[in-house]
Amino acid sequence: MAENPVKWLFLILASCLCFAFVLSESNLLIKKTYIVQMHKSAMPASFSSPLEWYSSKLKSVMSDTQSEGEGDGENRIIYSYQNAFHGVAAQLTEEEAERLKQEDGVVAILPETKYELHTTRSPMFLGLEPEESTSIWSQKLADHDVIVGVLDTGIWPESASFNDTGMTPVPAHWKGTCETGRGFQKHHCNRKIVGARVFYRGYEAATGKINEKNEYKSPRDQDGHGTHTAATVAGSPVRGANLLGYAYGTARGMAPGARIAAYKVCWTGGCFSSDILSAVDRAVGDGVNVLSISLGGGASSYSHDSLAIATFGAMEMGVFVSCSAGNGGPDPVSLTNVSPWITTVGASTMDRDFPGSVKLGSGRTISGVSLYKGRRLLQANKQYPLVYMGSNSSSPNPSSLCLEGTLDPHVVSGKIVICDRGINPRVQKGQVVKDAGGVGMILTNTAANGEELVADCHLLPAVAVGEMEGKAIKHYALTNGKPTATLAFLGTRLGVRPSPVVAAFSSRGPNFLTLEILKPDVVAPGVNILAAWTGELGPSSLPTDHRRVRFNILSGTSMSCPHVSGIAALIKARHPDWSPAAVKSALMTTAYVHDNIHNPLQDSSTAAASTPYDHGAGHINPLKALDPGLIYDISAQDYFEFLCTQKLTAMQLKAFSKHSNMSCHHNTLATPGDLNYPAISVVFPEDTAISTLTLHRTVTNVGPPASHYHVVVSPFKGVTIKVEPKTLNFTRRNQKLSYKISFTRKSPQTMPEFGGLAWKDGVHKVRSPIAITWLPPF
């Protein structure tokens, strides 16, 4: 009797093992997309083209049964890369990918990675004057020769922001094209939109065929994100731009004379690395001068980051690359796109907001923000019942978060509902309230967002408030027998102080991939930005939103990135011979670190002073960036020498030496901190025997031939600092002079210390942020 259960147990275990074995066997046969980087110089002379060689390599690792059914290895290839990157994206089983790694000429094999999008008045706030005045915009037609490639969700070509009136013919060096498809024909390109391409093979390989009835398999943008970023970069001036009456004025891009090339890499289900890589590769071949990439994946090592490898190739070809830092703030170490050859952009506020107010039955009025404009308005002189579905004011739950299906219509109908921020989109909470019969919403920040206020185009009367005021409103609703409130909407307010402020959502350093490279690089306007919008979707992006607008207001580092891309285009037009590193240096060393009331920049999440881990070198200052005085230049070989300090294997380093056979010289860069970066990050090791660290920098004079600079360094508690020499005397333009900066331990700190170093000549102030860290990690 006792044996039977044992036998049954044995049979069950055997069956499970057998099933697991079959399952694992079938998994080994499943094909996935891999990015295969090849060393082009290793191609045997017997092959007539790189593609033929790549196909041969793939065929050599395919199993007999697979190769018989599929013929040549070329059938597995979904992309071939040849400009910023050499190799292919191909469909392989895990076993085939492992075998391919062993083949000669194969540099790296990277699995497909999914990336996400990092989702008017800004030109005036940045000091770029209206076009009627003597401004940077009213200068040469050389601006028209700069082409910015925007990797995003496509473009809505009918927008007035892409009007090409007055623009000169497309530059002769441009090799791009206008791909056609549903809703997008050749005539949709013009002298403003000079190119439009789509990249979907990686997406379809991962998710299945795109449903062309629901989604444009063409450069046309139905999401809105790509149209918004492209217009922010280089939109033509449009008078009377507004969102439902908010932010009324002239909308223009940062570089309205520049051209736009749209590369659609993002679809309903996300953005995939093989498509992004193909777009970067194609854009470099097409002849873009600037790449604007408002998306990112998780941080990974340089040799395993396909975007880092591709943008290294773009940088080698003279292309400036700007990427969003991510929306993972205020958590530390939340940055993406941290490679030193990429300009990593965080987000900040402007001096404009959209005030709303909550008036409680107690008589207290609380300030907030909103972009609501609709037929359903609450009467200012009437109080409405107020309800909060949470149990206390500090801990959100599904009902308090207003998640779909959590609100009881019997409880909330006819009332203003308090909803905690988090989990589902802010505007969707309003839809949930509306569906349950609520007449309005108060959106309250939680600790993660602090006092930062982001305005939204809600579908019902709604006002967003900060964490502290939110707690007060919730306490009132929970403790008063019959709580009431009403909401008011107060339009557009200018001259907000203090501003700019670092956005709470903006991703933060330190850059744990390489502590010696301070990131982000700069911050730029990324909160409540007005720009062009798709005609396919309402301003809330909800499918239930049937409103259609020509402009929309969005927030995110996705919005700050194109501001920098556009300013880079202006700098490139003024200084066409400058390297990407020179353009970045100009942006960083002229950035400012004080707000409009002359206090240090604030962090929105804490209301305390922000640090270079939050704002990098500071907030961009476009007019000063056009004339920085000195620049810190970095060549492709210099960046490669930096990689030599990162403990990469010889094969991993080959991923970055595709255009030339670069090798490590070791004597040129003693430590990663010696890279000629415009920011300075010093990392003291745990070993106290190392008392002094010395870093080296070289500056190039791009100002008057005879220029004389002296150095100023802020004091630090933990170290003494010595700069040699203390003066730099230039006698000619483009002359290079070097200096060294020594940091000697004095009193090690438990937390990082921050300050700055500036070279001054009476006209220019060339400032570098300094961060000092003591290991082990704090």
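Glycine is no exception: its Cβ is also placed from the backbone N, Cα and C atoms.
The following features are taken from TrEMBL:
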- Asp152: active site, charge relay system (ACT_SITE)
- His225: active site, charge relay system (ACT_SITE)
- Ser558: active site, charge relay system (ACT_SITE)
- 33-118: domain 'Inhibitor I9' (DOMAIN)
- 144-599: domain 'Peptidase S8/S53' (DOMAIN)
- 383-473: domain 'PA' (DOMAIN)
- 674-772: domain 'Subtilisin-like protease fibronectin type-III' (DOMAIN)
- 1-24: signal peptide (SIGNAL)
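Sequence features, as recorded in TrEMBL, placed on the structure.
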residue	record	Cβ within 10 Å
Asp152	active site, charge relay system	29
His225	active site, charge relay system	26
Ser558	active site, charge relay system	30
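Regional average pLDDT for the domain 'PA' (383-473) in the model is 91. Distance between Cα atoms for Ser558 (active site, charge relay system) and His225 (active site, charge relay system): 8 Å, as a whole number.
Here the domain 'PA' (383-473) is broken down by DSSP into helix, strand and coil counts: 21 helix, 21 strand, 49 coil.
Each residue in the domain 'Inhibitor I9' (33-118) gets a DSSP state, and the totals come to 34 helix, 27 strand, 25 coil. Note: the CA-CA distance between His225 (active site, charge relay system) and Asp152 (active site, charge relay system) rounds to 7 Å. Break the domain 'Subtilisin-like protease fibronectin type-III' (674-772) down by DSSP state and the numbers are 1 helix, 58 strand, 40 coil.
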